[in-house]
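Annotated features in TrEMBL:
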DOMAIN    700-729  domain '4Fe-4S ferredoxin-type'
BINDING   CYS709, CYS712, CYS715, CYS775  [4Fe-4S] cluster 1 binding site
BINDING   CYS719, CYS765, CYS768, CYS771  [4Fe-4S] cluster 2 binding site
DOMAIN    754-785  domain '4Fe-4S ferredoxin-type'
BINDING   CYS830, CYS833, CYS858, CYS1097  [4Fe-4S] cluster 3 binding site
Amino acid sequence: MTCRDFRLKPPGLKETSSMAHQITCDGNEAVARIAHFLSDSIILFPITPSTPMGELSDVFNVQGKKNIFEQPVAIHQMQSEAGVSGAVHGALFGGALTTTFTTSQGLLLMIPNMYKIAGECLPGVIHCATRALGTHSQTIYPDHQDAMAIRNTGWCMLASSSVQEAMDLALVSHLTAMDCSLPFFHFFDGFRTSHEIMKIKEIPQEDVAKMVDHDAIERFRASCASPAHPEVRGAITGYETYFQSSEAINPLYNAVPASCQKMMDKVASYTGRQYHTMDYHGAPDAERVIVVMGSAAGAAAEAVDFLTARGEKVGVVNVRLFRPFDVEKIRDVIPATCKRVAVLDRTKETGAAGEPLFLDVCSAFASVPERGIQVIGGRYGLGGKEFSPTTAAGVFDNLALETPKTRFTVGINDDVTHLSIPTPERIDAVPEGTVQCMFWGLGADGTVGANKTAIKIIGNNTDLSAQGYFVYDAKKSGGLTVSHLRFGPQEIKSSYLIDNADYIACHNPAFLNIYKHKLVEPIKEGGSFVVNGRFSNVDEFGAAIDARTKRILARRHAKVYAIDAEHIAREVGLGSRINMVMQTVFFGLANVIPMEHAISLLKKEIEKTYGRKGKDIVEMNWKAVDASMAAIKPLPIPEEWANVEVERQEIDWSRPDFVRNFMDRVNTQTANELPVSAMPYAGRYPVSTTQYEKRAISTRIPEWNMEACSQCNTCAMVCPHAVIRPYLVDDKAYENRPFDSALPKAKGKKFKGLRFMIQPSPLDCTGCGVCAETCPDDALRMVDIAPVRDANVEKYEWAHALPLREELMDKFSVKGSQFQQPLLEFSGACPGCAETPVVRLVTQLYGKRMTISNASGCSVVWSATAGPSPYTTDGEGHGPTYANSLFEDGAEFGAGHVFAYTQRREKLMLEADKVLACKCDIPADLRSALEAWRASAEDGEQTAKTAPALIAALADESRYAKATCLESLKYLKMDQDMLVKPSVWIMGGDGWAEDIGFAGIDHIVASGVDCNMLVFDNGVYANTGGQKSKATPLGAVQNFARNGQEHARKDLAAMMMTYGDVYVASVSLSDPKHLLNCIKEAEAFHGPSLLVYNSPCINWGIKGGMTQMVNQSKLMVDSGMWNLWSYDPRRGENMQDKVVISSEPDFEKVPLVLESQVRFQSLSEARKAELHPKLIQDLKTKWANLNNLRK
């Protein structure tokens, strides 16, 4: 059966330079190359997954690459997407060809100006790597909710379905925007296309320049605003003319489909790749057709090829131009033989009659009833849910039913509203000869980076097609990454995850226990499985895996290999970065290219990648490569494993239902099959769940030397994951300890009769080493976990069950604070994270009555992964309640908490006053408790003491049933949650506080809202990968400041202090005593308080890694890079009384900071000579201004 293929080169086209040059890149780079060629100005704000497009434009500028107008592109980073859209509007108004990149909530912030730009017929371009919108929860993965949200703005909309298309249609969008004088929105699936690495054919800049209509550009510039020909735009019109003006631009939009096709034809004439605004692929006499947009078109096309080869009459339409929607084109491309069409939308419009693409197709065929086509509609792929050829086959099966389901979902099990259609047996539609490889890695172990290198080595040095896609869990570094790589002689258009692998590598031995048979389920007959671990023989390996894993490996005759990659990495000086070892093993075993050639290419890539970090780093990686192949150990699988009995899985009923039925499924990569009924209501997840994870990802843990320990509790204070804690042991517990070693007596009179113990949780430790590095007594050292794991697990479980003794010491002392239960534990933050220790400390002080408003950023990722929640509760079930709204509104969202709590509590006080004024007879204990509470009602700490007695006295309504003030008492009982005054904390990073959310913070401070704001000052947009923020120090290299930040950092704390009636402090973990005192003062202040916290970040490139987190913070303070001070208006009338400075800078130490961070060292020597003196002068100026306040 003949198929019409929309990817084949049309006959008659000649090879041009565009066909000759192939590159291996991801979708973001493909688009960024075109945007850079065709833009005067690129205006942006970082947001995942679109950020790399802007970063690459910045890189191109640094590399000296110019646009087709022979100019460097003017790149401007704004404070928010709302700011971006305003600036884009203004730049277009001024006659600059202007582009931006965005996604998701960022795109929504642009909508008001998008209407203006379209209404004024300005040819701007937005490239969007689509991403699901934040609704009940947030995700970084794709669907089309964001794109569909702007379909009414008047922007023309063009969709790409692959990396190659992303480059080609990016060009089409720019060319058509110029030709039509209308703005274009070019979108492609985030991550699935934006981060998928493919071997594609590049369009050279000289060809791009030839395709551009320079006359159209001249017309655009001539029509833009200038004092040389003044005019008025944005006028206010009356009702008389608005409607007509809206209709006047119809001819422009009517011309778009033809113009877009003309530009597609022009691109084809240079590249040989022919596109149409809508393309059909499949049987010419198809009876069943799928209509779809985006990356799903590739999977659907593979399904069509598979099914047509078996005689089925099916096809797929790939819709590229979505707005304006070409009604005639959709009718034309669908074969006349078609009887049924299934339109698939990657979005959901709650309450609508149907999703957008479905409604458009319905409308197109409603006026031609003679075609006799039944149109049905379904939703797929929300939030990145997989869409594979098997999924597409399920849609075709539904179409074939006598009575198909007309409104459906695909890829999920909807057991609530029963909209889902079944998924058939898996079909293998991958092109023959394709090698498929999977790599299970740990975030920050280098696995993803190594695999990106592998794809480029193979793609750029062979004739093979190459593809790479990467899946991440929701944790920071230290979470799971799974890399999916394909190589083959044929074009790869498989836009879905691998489920039939030739090669699988497990880069962390802990995964064998966590993911079990899930690791090897996709392995092919005769495939290879490689595990990083200390397995000297197959028996040791067998002891580490479950029976089902054994059966899969044996029955599929898998070849199994082991290598102790971490040992090699540590031997050559690379620490835990095993990427080069495992990449060498891959090249050696996968046989994609000859080994010697692969090693040569790999070493060249190492030099290219790490050269700027120094010769030592390069040579360490070379040594790792050289040592790897000889260290591989084959592990022949015993035949008897094929019939090993699969043990019945015992259910641990002590684990909560949510943990067993939801979180465990998320953590073992099996949540994809969860039905709709298993989902938490409205995105509300329980707390106290990370304690059940026990990920055991670290190969090293701290070992305590009790003889050297001074019992200062510093280790617990600095631990980012609340893993290591102090315990007080009474005589009875001590006698029943499950270990032989003695424990020292606890130091201090308050601890008489108690023993002291420091104990880590070995299965929760991330191995960061901050505790050992920071310990002032050298009483901790990092050791290999294997020999001590079981003993430490037993010790921890015993110690953790001991009673808390929080009352024995002042919780506002360093030592005493760490005897308080941490209500933040075992988060998914990066090993060595500086943000978590301060939040954990706040929970130890106020967590039992704490509510958190968290602006989006790193802190949301480690705070609120769906399932594992690190916030926990005390013995009475009290603890922090947490919520995230958006990135830009953290302060306003938190203010809303305060407004609500204040109103509710004022009502409680009103009712309390009614009761106390009433002369009726109520129980004496109730009256006494109410009087005590009312006297303390405005003091949070005191209400925590007085409210329990009042709650107890109100419990039995029969005791006061005859009281005249009964309704008031009932109200007090009904809203008793508010008797304890909540401690409201608003927190987020400097990207929020000093850029996108600054106006909110400013308004809260100016309005006197009684709340506490905690800013993690990383000096960088950490969560989106390291872009400069207004907190970036002068001279630091970050994305969008690749030649060094040229402006002084914003001093948020000093700025807010000028309001006067606000508590402000600049704090750091380097001085825990000062930090504790400032937290106490801030929370007690009746009004706004702001704590700006120095937060060393992985993006700084600290020498020695995040193990040096506290030491680095101390060095920052000692050198004057960070000053410790506080401003409290309660201290007196004069400024010198209100300001207390707790550090003294030694500017001679600034070079030590600069030498210890890659962000300063990666500058050229010339730029160092220019910027570093300016930095030091800025530090001296800021210090002088601060110091003058106390004089």
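Every residue number used here counts from 1 along the chain in the order it is shown.
Cβ coordinates are placed from backbone N, Cα and C, and glycine is handled just like the others.
Distribution of TrEMBL features across the structure.
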| residue | record | Cβ neighbours (10 Å) |
| --- | --- | --- |
| CYS709 | [4Fe-4S] cluster 1 binding site | 22 |
| CYS712 | [4Fe-4S] cluster 1 binding site | 18 |
| CYS719 | [4Fe-4S] cluster 2 binding site | 25 |
| CYS765 | [4Fe-4S] cluster 2 binding site | 28 |
| CYS768 | [4Fe-4S] cluster 2 binding site | 27 |
| CYS771 | [4Fe-4S] cluster 2 binding site | 27 |
| CYS775 | [4Fe-4S] cluster 1 binding site | 23 |
| CYS833 | [4Fe-4S] cluster 3 binding site | 30 |
| CYS858 | [4Fe-4S] cluster 3 binding site | 25 |
| CYS1097 | [4Fe-4S] cluster 3 binding site | 26 |
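Listed in chain order, the extra residues whose Cβ falls within 8 Å of the Cβ center of the [4Fe-4S] cluster 2 site residues CYS719, CYS765, CYS768, CYS771 are PRO702, CYS715, PRO720, HIS721, VAL723, ILE724, PRO760, THR766, GLY767, GLY769, VAL770, ALA772, PRO831. Each residue contributes its Cα atom, and for CYS712 ([4Fe-4S] cluster 1 binding site) and CYS1097 ([4Fe-4S] cluster 3 binding site) these two points are 26 Å apart. Of all the binding-site residues given, namely CYS715, CYS765, CYS771, none has its Cα within 10 Å of the Cα of CYS833 ([4Fe-4S] cluster 3 binding site). Of all the binding-site residues listed here (CYS715, CYS830, CYS858), CYS830 has the Cα closest to the Cα of CYS768 ([4Fe-4S] cluster 2 binding site).
In this structure the C-alpha atoms belonging to CYS765 ([4Fe-4S] cluster 2 binding site) and CYS1097 ([4Fe-4S] cluster 3 binding site) are separated by 19 Å.
Residue environment of CYS715 ([4Fe-4S] cluster 1 binding site) contains 27 other Cβ atoms, counted within 10 Å of its Cβ in all protein chains. Candidates CYS709, CYS715, CYS858, CYS1097 (binding-site residues) were compared with CYS771 ([4Fe-4S] cluster 2 binding site); those inside 10 Å Cα-Cα are CYS715. The [4Fe-4S] cluster 1 site is defined by CYS709, CYS712, CYS715, CYS775, and by the 8 Å test on Cβ atoms against their centroid, the other residues of the chain that qualify are SER710, GLN711, ASN713, THR714, ILE758, CYS771, PRO776, ASP777, ALA779, LEU780. The two recorded residues, CYS858 ([4Fe-4S] cluster 3 binding site) and CYS715 ([4Fe-4S] cluster 1 binding site), have Cα atoms 23 Å apart. Applying an 8 A CB threshold to same-chain residues 6+ apart, the list for CYS830 ([4Fe-4S] cluster 3 binding site) reads ALA444, LYS476, SER477, GLY478, PRO720, CYS858, TRP862, ILE1098, MET1106. Put simply, CYS719 ([4Fe-4S] cluster 2 binding site) is 16 Å from CYS709 ([4Fe-4S] cluster 1 binding site) when counted between their Cα atoms.
If you compare Cα positions, CYS1097 ([4Fe-4S] cluster 3 binding site) sits closest to CYS719 out of the binding-site residues CYS715, CYS719, CYS775.
Distance noted between the C-alpha atoms of CYS775 ([4Fe-4S] cluster 1 binding site) and CYS719 ([4Fe-4S] cluster 2 binding site) is 11 Å.
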